[in-house]
């Protein structure tokens, strides 16, 4: 279902030959209207790929008719030629759809520093356009995979309207981290302003809190397109919640498919003085390599949680900190708590609760363990 | 030679039985005077081990007669009992030496959250005191090892005076990161103020710029003791340079022995607008797990360098960035530079130069690659 679950959208996914292994590598998502509203959030990395620079301009144009996405190359750090290639891709999509290029968002993912094979990409756009279908969402989701082992889609259907989406990647964005691309679609009839508000609210507590390896991508993009074709304008709160649910579901799928991971780690920070404190502490814990290794070894090493908390500027007293791992309060009042041998870590999901005892705010960050497979996957070849 | 290279110091290293495997685990360094000046820098982690809390007080007392160090347990997150144990350890050293406890600094390293076996540690102090010798520096350096594969010592001898030292650990301090302990000694005749100034200046550009895995310890301590026994008061600049050389040498030894590492990576940031910018960028590159994996795989993946630079707030223009790896400028003006196949990465040391083209300041951060061995070492058992 994916991006074509909502009415007013067609999609396609094909193998254009960008990837040397012949796997699908080009996706096209088209908003057939009647409305062509859109919102987008992009990587906060200051080194932005050409397609991000282009798509940020597209967002300012006010309407988005199509998104073209390629895997097999990030088109980042490719200079003026890279930007020209992105522009030419948008022009090609515009030409085959009979729309303006400034209404065509472009997303790319893959290795940084390589120019895209335009002699394959541009004909690929024509092939994809010829295969556009209301049932093409699945194929589009497959075509944007890089090191993803599975494609990721999600759909929430409400009373007469739908939010659907697809995602690729394995990591985090601020929106900023990891080579993550997401396209969401809805047939609800909403203007850009509401879409933007709902998308920013949703990403703030979902994708923004998925932190696989602390590394920030040059290409991260999350787009939300609205066709209005359901002819329904939902209440904002209900719509925002549906967008949040789809983002949350896709974010969870990203974590579960993170490179080399054997554990999904839910870091829940409670009783923080502020939400910012909770996020800062959660992120510090989630990025601690020593802790991530310990979790991989099924070692409830709460000392590494405390040392990660200690590096933050959050409000807390060291001797009031409490830490639970999978329900066992292994650290109480900054020292030894319940018997760590009670902690059962056999399962894939690990739940760490860090109690700052400094207020009533909370935040949850999702991460993975650090494994030899992660090292292998990121050292054995360029990505 | 180590801490006993300078005159006016004795040391010992013994197996007190703190470590279950019977390896040496207790070191004692004594300043026999005539002067007992000292300076110290400590972890910036807000979760501080009991010995750090104690030794910070000792520093305020104005003179340090001895340092007692144990491996086999960090005595961190151990509550009031942990602090009492540190105090009791200092009292015991004071008793056997006939000095005041407030002149005895204490350092501990090992697993967080475990109380030390005082029934072994206190008798161990007596044993160590009985073995104090002007040739004991080597044994002391051996007794503070944890996962270190070799002990680390360094000596600089100048005209009539000497700076020596020992270190354990594998990582970074701010002073803050990694379970790192360092004791430096000198027989130069200097007061606390000069020692403090020289030590802070030295750590700022040496240990502070060694970042193995981005993880900040609860126990990091660097102490500098001066006996005055050479009867020479060197020029401050000359003394500071000698301290810097010893710190630099020990820092390099820490990096070369970092857990699981197969590559030592020198990250040199040049042409930064400010030194702070250079350090921020260097640290961001040094902590990028994806880059560290790539270096492990001998892949000159400059895209990961650029994406790490892009996460900082340093002054730079993305299209003016240049990156060299082992002398080959693989990235020029933010894009593809010289042929990456020219980069020879067969050797252990890897040199990354990041040119921000934004000024004239520079900084060098040392780190390691990220390896399956690091994951194994930090997941297979608690540490």
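Heads up, residue numbers simply count up from 1 along the chain you see.
Glycine residues also receive a Cβ, built from the backbone N, Cα and C atoms like all the rest.
Here TrEMBL flags A:179 as active site, nucleophile.
The feature substrate binding site is assigned by TrEMBL to A:146, A:168, A:179, A:259, A:378, A:383. The DSSP secondary structure for residue A:259 (substrate binding site) is coil.
It is A:146, among the binding-site residues A:146, A:378, whose Cβ has the fewest other Cβ atoms within 10 Å in the structure shown.
Proximity to chain B, taken as a Cβ less than 8 Å from one of its Cβ atoms, holds for A:378 among the binding-site residues A:146, A:168, A:259, A:378. Using a 10 Å radius centred on the Cβ of residue A:259 (substrate binding site) and all shown protein chains, the other Cβ atoms total 25. Under the DSSP three-state reduction, residue A:378 (substrate binding site) is assigned to helix. For residue A:168 (substrate binding site), other Cβ atoms within 10 Å of its Cβ number 28.
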